[in-house]
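**Q** Pasting the feature list from Swiss-Prot:
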SIGNAL    1-20  signal peptide
BINDING   34-58, 83, 180  NAD(+) binding site
BINDING   164  substrate binding site
ACT_SITE  176  active site, proton acceptor
């Protein structure tokens, strides 16, 4: 009995692996639109998919980012300047993409653009500190999707939303984790709505990677700017050495970040080219071995482990 059970499990694993290796054909006539291509995951994705033969349309925020990307890619790749928080800019870009791709439609939409915003204790913040990451990571992603969706439906293509382990666990105050939690919800509802149209929707959840978004120095500079304007009561509660201690803790945590950005781009590649793309992709050793498993644990265990990473307050009773 045990033998047959093991044989069945082996067969299921083999078939699952085989199914995941089946690829689409005719990449050369398929268009892919990627946001956030100035640096990081988006930049590497644009270069990678251009080399594979896709017709890439790379959305950059800056002229310099666009020029640098063009210099490293083929004539197939086109760049557009796009601020995902500007509705008129998004609308005009979608109109241009529609005229560019014609009847072929858009095989892939990769929503990659994102910002970290301010990462600081919640009682340091104002509602304005939450706006930027929510505007970019959530409303920008939704607006781009809604404008490009008719083209994706025409091609019966793919939508790939880059979320984060911050969409599974809230590891700090600010707008980043609320925005990513919301992206997860939008992704799931979109996936179910698009099922009948033959459109596959996938979500990528990267761990901590060495990108501009995760720069510990920039994160600390933003935190320090807020600290200077805090009330004396808040400063007394946290202590004058809090910023330095949190920077030291942040640097020690980021010393083990993932350096290989291709781990995320590889997930994008599978979601674009597999006949049977996954609904979710987990990228990075830390995400697979710590963050995602922890997200399934009871809240009391999550709190215990995450609070161990926090800097101890000088005088929390001084309220």
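Heads up, residue numbers simply count up from 1 along the chain you see.
Here the Cβ of each residue, glycine as well, is placed from N, Cα and C on the backbone.
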**Q** According to DSSP, collapsed to three classes, what secondary structure does residue 38 (NAD(+) binding site) have?
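**A** The three-state answer is coil.
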**Q** Ten-angstrom check, please: count other Cβ atoms within 10 Å of the Cβ of residue 58 (NAD(+) binding site), all chains counted.
**A** 29
**Q** Identify, in sequence order, the residues in the chain of the residue listed as 'substrate binding site' that are 6 or more apart from it along the sequence and have a CB within less than 8 Å of its CB; answer 'none' if there are none.
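**A** Long-range Cβ contacts: 114, 176, 180, 205, 206.
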**Q** Using a Cβ-Cβ cut-off under 8 angstroms and a sequence gap of six or more, which residues of the chain neighbour residue 46 (NAD(+) binding site)?
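**A** Listed in sequence order, they are 34, 37, 56, 58, 69, 73, 77.
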**Q** Please report the DSSP secondary structure of residue 54 (NAD(+) binding site), reduced to three states.
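**A** Its secondary structure by DSSP: coil.
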**Q** Could you list the residues of the same chain, at least six apart in sequence, whose Cβ is under 8 A from the Cβ of residue 38 (NAD(+) binding site)?
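**A** Set apart from residue 38 (NAD(+) binding site) by at least 6 residues yet with Cβ under 8 Å, we have 60, 61, 62, 64, 65, 66, 68, 69.
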**Q** Would you count the other C-beta atoms found within 10 angstroms of the C-beta of residue 34 (NAD(+) binding site) for me?
**A** 27
**Q** According to DSSP, which kind of secondary structure is residue 164 (substrate binding site) found in, if we only use helix, strand and coil?
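**A** Where residue 164 (substrate binding site) sits, the three-state DSSP reduction gives coil.
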**Q** Once the DSSP letters are reduced so that anything not helix or strand counts as coil, what is residue 46 (NAD(+) binding site)?
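**A** Looking at the DSSP assignment, residue 46 (NAD(+) binding site) belongs to a helix.
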